[in-house]
Amino acid sequence: MSKGQVIQVMGPVVDVKFEGGNLPEIYNALVIEYKSDAEEAPTSQLTLEVAIQLGDDVVRTIAMASTDGVQRGMEVIDTGSPITVPVGTVTLGRVFNVLGNTIDLDEPLPSDIKRNKIHREAPTFDQLATTTEILETGIKVVDLLAPYLKGGKIGLFGGAGVGKTVLIQELIHNIAQEHGGISVFAGVGERTREGNDLYFEMKDSGVIEKTAMVFGQMNEPPGARMRVALTGLTIAEYFRDEEHQDVLLFIDNIFRFTQAGSEVSALLGRMPSAVGYQPTLATEMGQLQERITSTNVGSVTSIQAIYVPADDYTDPAPATTFAHLDATTNLERKLTEQGIYPAVDPLASTSRALSPDIVGEEHYAVATEVQRLLQRYKELQDIIAILGMDELSDEDKQSVSRARRVQFFLSQNFHVAEQFTGQKGSYVPVKETVKGFKDLLAGKYDHIPEDAFRSVGRIEDVLEKAKDMGVEV
């Protein structure tokens with residue numbers, strides 16, 4: 001292992017000189033061990049990642065933690081490889097930082113644990129799956145109108161308090177219970193409080209045992225925030241490639257990954273590109289997204305929360321992300337105000353998988369008819385607000401009546417929210433979802449009151465609820 005010396009510290013950027021031409025490779029992890037001035041203080045270890053070879057035996061590195069206490073002249077050791085993180089079943093139920101160190105104050109991991117490098121190549125063409133397969137989530141509105149592809153990338157849009165976290169938890173629960181699948185949650189540059197809340201909520205709802213969590217929050221240096229998504233992805237890839245699992249990878253928030261890359265780029269002295277972003281924006285995003293895919297042995301399906309700066313969808317950060325997405329799930333505050341959960345907007349949410357070739361003719365026909373009906377209802381709402389229902393034609397009255405039933409039937413109770421709602425959660429297979437909506441559109445249930453459709457799973461549950469309301473079914 002070659003050794004060098006710190007010759008310059010500029011915030012999170014550290015320059016290191018190696019004598020004798022033994023320069024570390026780009027992306028190699030370097031380690032500085034030092035003690036602070038306090039006598040009782042333990043030895044601190046700082047990991048650096050090589051970003052540029054400057055010449056004259058000097059490399060410029062990015063720190064993965066605070067550089068407080070680092071001084072010129074300190075010894076730096078080249079580990080000889082990129083950052084490595086723990087992988088395998090021991091990661092489940094645990095919380096890690098960007099370096100793969102546990103931060104949940106639980107038992108330390110065994111020393112002989114398998115570790116993988118965070119910088120890896122995307123799967124080659126011959127390793128990729130050639131079939132297109134739907135990932136059944138058990139959530140009606142998602143499965144019917146914006147289905148997820150195995151190995152696909154889904155963008156999750158929504159403001160504060162509209163149910164992003166609950167939707168994420170339910171997806172983790174359903175994948176674990178129905179598919180025996182693993183989930184990895186990567187908190188990238190978001191609030192520490194939210195990560196803490198999510199951890200305890202997942203503990204309470206019982207899904208933590210099938211989940212590995214990785215955090216690089218917004219108080220950490222840009223190096224940690226930029227690399228933590230790769231740490232989460234590396235853990236997910238192991239379950240796909242070695243355990244042959246279908247893995248869900250949640251990234252919250254993908255915009256912060258880009259933002260951290262922009263900060264690092266500026267610190268390294270690169271010329272900025274459009275709107276001040278790094279010139280390598282598309283390359284960095286592509287390197288991350290291309291590793292998220294289906295292979296012959298398993299899949300990594302990614303659900304990425306996306307913050308849109310100033311609601312400008314043409315901003316280079318979200319625009320670059322959109323190029324990689326297969327589906328979008330939009331959460332709408334107006335639906336939460338009506339008590340419709342999950343508050344997924346059925347008209348704004350889209351999916352590349354919603355085509356007759358992938359989901360089948362019947363599913364496609366039912367989904368497009370549901371969207372047409374809801375679009376007509378939306379167009380009529382202004383007329384209803386001004387003139388009332390009586391001014392509508394009989395055909396439009398029927399459309400509105402059915403659309404309201406459809407809208408309520410798109411809601412359902414979640415397993416992870418049972419402790420708050422007192423209502424049992426439901427998982428609805430795609431076949432039953434399609435059949436239920438097909439019968440509903442055909443007018444089979446026009447006599448059932450609207451309220452019977454609210455927050456239920458299968459169509460049988462609607463009929464059961466209607467009976468309890470004293471309606472003949």
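Cβ coordinates come from backbone N, Cα and C, glycine included.
Pulled from Swiss-Prot:
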BINDING   GLY158, GLY159, ALA160, GLY161, VAL162, GLY163, LYS164, THR165  ATP binding site
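Once Cβ contacts within 10 Å are tallied over all protein chains shown, the binding-site residues GLY159, GLY163 are led by GLY163. Sequence-distant neighbours of THR165 (ATP binding site) (same chain, 6+ residues apart, CB-CB distance under 8 A): GLU194, ASP197, LEU198, GLU201.
Cβ-based crowding with a 10 Å cutoff singles out VAL162 as the top-ranked of the binding-site residues ALA160, VAL162. In the structure shown, across all protein chains, GLY158 is the one of the binding-site residues GLY158, GLY161 with the greatest number of other Cβ atoms within 10 Å. Within 10 Å of the C-beta of LYS164 (ATP binding site) we count 22 further C-beta atoms, all protein chains included. Using the Cβ center of GLY158, GLY159, ALA160, GLY161, VAL162, GLY163, LYS164, THR165 for ATP, the list of other same-chain residues with Cβ within 8 Å runs, in sequence order, LEU331.
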